[in-house]
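Quick look at what TrEMBL lists:
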- Glu44, Glu69, Asn96, Asp118: S-adenosyl-L-methionine binding site (BINDING)
- Lys122, Asp154, Thr191, Glu192, Tyr193, Glu194: substrate binding site (BINDING)
- 124-129: region 'Interaction with RNA' (REGION)
Amino acid sequence: MRLRNKPWAKDMLRENDQYVIQDPELQKGKWNEVFGNNNPIHIEVGTGKGKFITGMAKANPSINYIGVELQDSVIVGALERILEDPSPNVKLLNQNAEELTTFFEQGEISRVYLNFSDPWPKNRHEKRRLTYKTYLDRYKELLIKNGEIHFKTDNQGLFEYSLKSFSEYGLLLKFVSLDLHNSDFEGNIMTEYEEKFSAKGQRIYRSEVQYRS
Ligand code: SAM
């Protein structure tokens with residue numbers, strides 16, 4: 001993600017605390033109260049400028065969505081989208097996914113979305129990949145029993161690595177597409193990166209995996 005310096009971003013995120021939840025560790029175990037209902041909660045890790053999460057929230061009003069993004073200058077784009085066209089079922093966290101288990105109780109989350117995660121191609125950076133086993137441990141700690149990870153990328157190397165990582169972890173492969181945009185998959189909501197890469201003719205890979213417990 002190309003970063004533009006936006007010195008105003010931090011203040012804007014703080015001022016809109018009905019959408020960008022501050023001190024999310026205080027909400028651990030209480031996210032249904034934050035949304036004011038008992039609907040399932042899905043999170044997107046590395047949500048970027050929020051095209052996917054806001055599109056999903058509009059398309060699925062009976063699911064609650066939380067976008068988690070590290071960079072304040074990026075997530076502020078997601079906030080701007082929400083302010084332009086608000087939905088009651090979407091919130092944002094300007095946080096590092098390494099901390100996910102401090103924000104969510106076991107079983108609070110029904111699904112994790114990973115879209116166009118940074119590939120970190122060098123072997124010595126493997127631990128930073130969002131599909132590395134320590135991340136799979138973190139997702140397991142907050143997901144419901146038999147919770148799912150839905151993953152899209154344009155990066156063949158990261159996709160192959162991730163399928164191997166999921167398999168070694170013992171996750172069940174429920175869906176795989178090696179060319180999403182030329183498949184019969186319905187209801188795809190594109191992300192910013194997906195739009196950019198598919199416009200250049202790159203194929204999009206997608207998988208759904210499920211924890212066995
Ligand atoms: N998902 C968006 C899309 O498909 O358009 C953005 C993709 S971008 C390549 C990856 C995003 O993940 C970046 O905005 C980056 O800051 C974020 N990210 C990477 N590691 C993260 C982490 N540990 N916690 C939260 N966000 C992270």
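We number each residue from 1, going along the chain as drawn.
Cβ coordinates are placed from backbone N, Cα and C, and glycine is handled just like the others.
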Q: Please list residues from the chain of Glu192 (substrate binding site) whose Cβ is under 8 angstroms from its Cβ, counting only those at least six apart in sequence.
A: Gly48, Lys49, Lys51
Q.
Around the S-adenosyl-L-methionine site formed by Glu44, Glu69, Asn96, Asp118, which additional residues qualify by having Cβ within 8 Å of the site's Cβ center?
A. Val45, Gly46, Thr47, Gly48, Val68, Leu70, Gln71, Ala97, Ser117, Leu130
Q) Considering all pairs of residues in Glu44, Glu69, Asn96, Asp118, annotated in the record as contacting S-adenosyl-L-methionine, what is the maximal C-alpha distance expressed in whole angstrom? A) 14
Q: For the region 'Interaction with RNA' (124-129), could you work out the same-chain residues 6 or more beyond its ends whose Cβ comes under 8 Å from its Cβ atoms?
A: 117-118, 135, 158, 161-162, 165
Q) ligand 1: which of the binding-site residues Glu44, Lys122, Asp154 have a Cβ closer than 6 angstroms to it? A) none
Q: Take the C-alpha atoms of Asp118 (S-adenosyl-L-methionine binding site) and Thr191 (substrate binding site) and report the distance between them in angstrom, rounded.
A: 14
Q: Enter the number of other CB atoms within 10 angstroms of the CB of Thr191 (substrate binding site).
A: 24
Q | Using Cα positions only, nearest of the binding-site residues to Glu44 (S-adenosyl-L-methionine binding site) (Lys122, Asp154, Thr191, Tyr193, Glu194) | A | Thr191
